[in-house]
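One structure below.
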């Protein structure tokens with residue numbers, strides 16, 4: 001009887017393995033349709049967004065004028081304004097692995113140190129001159145790379161590296177950046193450390209930053225309102 005159970009188990013495993021290649025071939029990494037316009041109201045949970053029916057997509061999803069004009073560069077303490085054009089703002093890029101941002105700067109304005117965890121960034125300065133800074137990982141000794149990038153010039157920032165832009169000119173500046181993700185994500189370093197919800201315990205930051213409690217509490221007070 002024991003031998004019979006073992007034999008039956010072996011047959012089951014063999015049959016399962018025979019089906020495995022069929023299951024693997026059922027997936028496809030390439031697009032299987034022209035477009036998958038994001039249905040932002042769908043309750044279907046996927047890595048991205050479910051598709052709208054083609055009949056409901058229209059053709060406006062192919063075009064956007066959202067970054068044709070910039071926002072108020074004096075609307076926050078950073079002196080800059082980010083106009084996002086990711087999948088939430090442009091459903092037509094769903095599954096295409098691309099998105100864009102426009103960033104406008106007041107003189108002396110900054111797009112503060114931040115990280116895009118899901119995308120490499122390539123950008124072009126449209127007007128003005130920006131100091132672009134990129135900080136390498138510990139593997140490079142935290143090397144700081146920088147250059148003043150002027151109108152018509154470009155830069156690239158590898159995925160996951162901390163970076164910033166700072167307007168070193170006397171006039172407003174504008175850049176447009178593209179990402180190889182429909183949702184690149186963003187982690188602003190100052191806001192993450194001092195404006196998280198709930199807050200990071202003060203003793204952790206005191207120890208990590210090697211400063212007094214009063215300094216940490218002061219910095220936290222600067223970010224209670226968010227970005």
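Note that Cβ sites are derived from N, Cα and C of the backbone, with glycine treated the same way.
So that you can see what the record holds, here are the features copied from TrEMBL:
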type: SIGNAL; residues: 1-29; note: signal peptide
type: DISULFID; residues: 36-51; note: disulfide bond
type: DOMAIN; residues: 65-217; note: domain 'Cupin type-1'
type: BINDING; residues: 101, 111, 116, 121; note: oxalate binding site
type: BINDING; residues: 114, 116, 121, 163; note: Mn(2+) binding site
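Those residues noted as binding oxalate (101, 111, 116, 121) have their most widely separated CA atoms at a distance of 14 Å. Ranked by Cβ neighbours within 10 A across all protein chains shown, the binding-site residues 114, 116, 163 are led by 116. The two recorded residues, residue 116 (oxalate binding site) and residue 36 (disulfide bond), have Cα atoms 24 Å apart.
Sequence-distant neighbours of residue 121 (oxalate binding site): residues of the same chain at least 6 apart with a C-beta under 8 Å from its C-beta are 156, 157, 163, 177, 178, 179, 184. The C-beta environment of residue 101 (oxalate binding site), restricted to residues of the same chain at least 6 apart in sequence and closer than 8 Å, consists of 67, 82, 83, 84, 85, 86, 176, 177, 179.
In this structure, the C-alpha atom of residue 114 (Mn(2+) binding site) lies 31 angstrom from that of residue 51 (disulfide bond). Taking CA atoms as the reference points, residue 36 (disulfide bond) and residue 111 (oxalate binding site) are 32 Å apart.
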